[in-house]
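TrEMBL annotations:
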DOMAIN    1-149  domain 'Phosphotyrosine protein phosphatase I'
ACT_SITE  C7  active site, nucleophile
ACT_SITE  R13  active site, nucleophile
ACT_SITE  D123  active site, proton donor
Amino acid sequence: MRVLFVCLGNICRSPTAEGVLRRELESAGLAHLVEIDSCGTGDWHIGKGPDPRTVAAAQRRGVDLSELRARQLAAEDFQRFDYILAMDHANLAALHEQCPAGCEAHIGLFLDFAGHTDRPVPDPYYGGEEGFEEVLDLVEAASRGLVEDIARRLGAQRD
Ligand code: 4NP
């Protein structure tokens, strides 16, 4: 099973989702069955580590993002990943625009897995510290829902 998180810059929201989902899958004993990655629709930060405010906020919750490096969404991603999850509506629109015909991935908003409908993870880049905490709160809730969904799909594959 492969999961790709997508935001704009790949230095705030999607790396946070990548790190938090990895922690949640480890807790559930499923980490060895799932590959996780993240990327941005934009190209400004390619090769850079996550924003220091993102790294610090995640560290406070026991998630180490320091080794991650930003990359841009690529055409191959649509074949490779089972879930391609957008942080906001602009990311989702970019995914739908670039998605090739016949793509079988589940493409949607990440917060659908937190029981929200049509809700974005707000971009914290131009705001204060509290924005980074809000990203973590939302991402933690959605990650727990996504782990349940992944566990269901893995169970269905075994049957
Ligand atoms: P992200 O946040 O999409 O959550 O990584 C942003 C990072 C950088 C920029 C915008 C959003 N930027 O404009 O450079």
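Keep in mind that glycine also has a Cβ here, set from the backbone N, Cα and C atoms.
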Local confidence of the domain 'Phosphotyrosine protein phosphatase I' (1-149) - pLDDT mean: 97
Spatial neighbours of R13 (active site, nucleophile) that are distant in sequence (at least 6 apart) but have CB under 8 A: F5, C7, M87, V121, D123, P124, V135, V139
Surrounding CB atoms that lie within 10 Å of the CB of C7 (active site, nucleophile), all protein chains: 31
Composition by DSSP (helix, strand, coil) of residues within the domain 'Phosphotyrosine protein phosphatase I' (1-149): 66 helix, 21 strand, 62 coil
